[in-house]
Amino acid sequence: MRLSLSSQEMELVRKFLGREPKEEEWLVVDALWSEHCSYKSSKIFLRSFPSEGERVVMGIEDWQDAGALDVGDGWAVVLKLESHNHPSAIDPFNGAATGIGGIIRDIISKGARPIALLDMIRVGNLNNSRNRWLLKNIIAGIGFYGNSIGVPVVAGELAFDETYNDNPLVDVAGLGVVKKDKIVPSVVKEAGLKIVLVGLTGLDGLGGASFASRKLSGEDEIGAVQIADPFAGKIVLDVTLQIADKVEAIKDLGGGGLVVGITEMANGLGVEVELDKIPLRVKDLTPGEILVSETQERMVFAVKPERVKEVCEAFEYYEYPCAVIGEFTNDTSIRFLYKGKEVVNLPSSLLLNPPRYKWGVKKTKYSVYYEKPNINLEVAVKEILSYPDLVSKFWAYSQFDYEVGTSTVLKPGEADSGLISLPNGKLLAIKGDANPDLCAEDSYECGRYIVAEAYRNLATVGAKGIGVVDHLQFGDPKKPEVYYQFVEAVRGIAEASKYFGTPIVGGKVSFYNENKEGKPIKPTPLVVMAGLVQDKFLRPKITEGASIIMIGFTREEMGGSLLAKIFGNYGDVPKTRLNEELLSSELVIKAINDGKIIFAKDISKGGLVGALLPILVRGFGVSIDTNLIPSDTDDVISKLFSENGGRFIVLSEREDDINWLESQSRGIYVSKIGEVTREQYVMWLREGKKIDLTKEVNNYHRYLEEVTSD
């Protein structure tokens, strides 16, 4: 019996009960007290997140499977962000596929129909054959499940760094729609309701919550990875939505399996469950295996006795297993029986109140180098534009059916944000952002930066952010420097979210992301922001002769930038100036609404040069006068590659549009810095440089397909 509980925690349990727990009871406590389910090392700090707002229908609430935001006309969007990092490191196909399945079940547990997915993937450098194997199978797993179940992938991220060599990050966000008055809770409020389980229970995913709450130890943990079955998942999706108004609560059986799902659903009430009534995929499972199995495509419903028959008949019509396995009781005891014998009897007060930890912190010593490396300008441009993080993701997106369901407005990769249509006719933009290189330098500024970047990304299509879900991914929280990075990232995310008025309605924390030598990954907090188009949306367009206009002010803040990663760090990290971020984003949205611009791109990874790449790869050239870039430095390298926030590149076809932008700027810098040329794949710089980027553009289109062809 392998547990994630510490010896001190085991002693706490013994003292609370006044006895030695049975083996099955240890499994129950281990699942509910796991880091994965209890947030025991993070919850103290997560309380600083803003979770209330005029659009919040369901925020960060205990045991709710997803958050919800009001989008008008009686409709709500349901948001959830999850990961399957540890499973994907062992079995990338099933790890990624079941991550998609889990997020979809979280959405339908609120009675919402899933309409969009995002995937944010980080693996090690692709010169390593195992990393290529991981990437190919992760993408294949996502496509297998998403395509089979009919939910489009509308946006995402794909990035590479040696920090993820042993521990890839596979984040999936889901979005669904539901009438506000039809949202189903995940917890019960009364005793006497029947517990109805659908789906078969097998051996896969045994102890998955405990597995995700400790360091990876090797491929011998394959049994902790769940097996995906999207065709069963499609039945669960359709029938759950069909019977959602006939039940009192719905819960997906995710991390921790049956024991976690039912205990959280009880929300302090008692339960009595007969394990031998559970439909099994494998004969002769032990009670302990049944309790903590994480077999996929299973849901639990709280149902009034008189409605049990119609609920089960709906599933049985498709020959999908459905069974009444117990009921919620008036006491506070969590009881599981097997063939008439009680195998678990634990108080909910023990299970739902794990110890909370506030580990020691040690301030990370951030290095600031003010001596600029000797960098050749042309070499820098070519190195940045060839970097794998910036290449086309079409190889991945082409494996997803991103237009299924008819709600996709912009194809993935077409703009900085995904854009989907809602049932009320409104358009919703959604985007995920992380910046581990910056977080490794300063996790507080990184927390602020990623929220601001997500806000900018939405602005490029004409949308204003309305809410956030987050995922905080770090190493071992007991290591003081790691825990310091976590605490500081939370502080930064909380500050920026409050400032932008984008409450955090859900999230997840994933610790113990380390390589085989125990070295933690770069801190990788991730936010996914949703926003509503305010009036018009912008489909990016590029024309010869269009003016290239920079909105915002460039600063010599090179720390954590892509240039610094390649050539060596220098300068301080970007300081996120929230007022500039807000004003520049509002200016872009207003320009879109008034038809003043035809293209918008936020300046982030790769700086100005990175922001110009979408123009170059569409068969155009650019001419840039670096003297016209508003900046606090004369250093051309900094002007071209700084990644400080609050900045955009926009294109305009009329000269008077520039005057209009200046008149509406409210103190934000607006400057024409160049124009789009017809000379394909060429960048002209004022310094007399004509840089032919044909090779880099070809690399942009072909890199992922070629590197994964082995």
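Any Cβ shown, glycine's included, is placed from N, Cα and C.
What Swiss-Prot records for this protein:
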- His36: active site (ACT_SITE)
- His84: active site, proton acceptor (ACT_SITE)
- Tyr39, Lys80, Asp470, Gly507: ATP binding site (BINDING)
- Glu82: Mg(2+) 1 binding site (BINDING)
- Ser83, His84, Asn85, His86, Arg105, Gln226, Glu294, Thr295, Gln296, Ser510: substrate binding site (BINDING)
- Asp106, Asp252: Mg(2+) 2 binding site (BINDING)
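If you compare Cα positions, Arg105 (substrate binding site) sits closest to Asp252 out of the recorded positions His36, Asp252, Asp470.
Taking Cα separation as the measure, Asp470 (ATP binding site) is nearest to Glu82 of the binding-site residues Glu82, Asp106, Glu294, Gln296. For Tyr39 (ATP binding site), none of the binding-site residues have C-alpha atoms inside a 10 Å radius of its own C-alpha, out of Glu82, Asn85, Asp106, Asp252, Glu294.
Looking at the residue listed as 'active site, proton acceptor' and Gln296 (substrate binding site), their Cα atoms lie 13 Å from each other. Inclusion criterion for the binding-site residues Ser83, Asn85, Gly507: a C-alpha placed within 10 angstroms of the C-alpha of Asp106 (Mg(2+) 2 binding site); this criterion is met by none of them.
Calculated from their C-alpha atoms, the gap between the residue listed as 'Mg(2+) 1 binding site' and Gly507 (ATP binding site) amounts to 8 Å.
Other residues of the chain with a Cβ within 8 Å of the Cβ centroid of Tyr39, Lys80, Asp470, Gly507, the ATP site, are Ile60, Leu81, Val469, His471, Leu472, Ile504, Gly506, Lys508, Val509. Take the CB of Asp252 (Mg(2+) 2 binding site) and look out to 10 A: across all protein chains shown you find 26 other CB atoms. Among the binding-site residues Asp106, Glu294, the residue whose Cβ has the fewest other Cβ atoms within 10 Å is Asp106. Taking only the Cα positions, the spacing between Gly507 (ATP binding site) and Gln296 (substrate binding site) is 21 angstrom. Here is what falls inside 10 Å of the CA of Gln296 (substrate binding site) among the recorded positions His36, Lys80, Asp252: Asp252.
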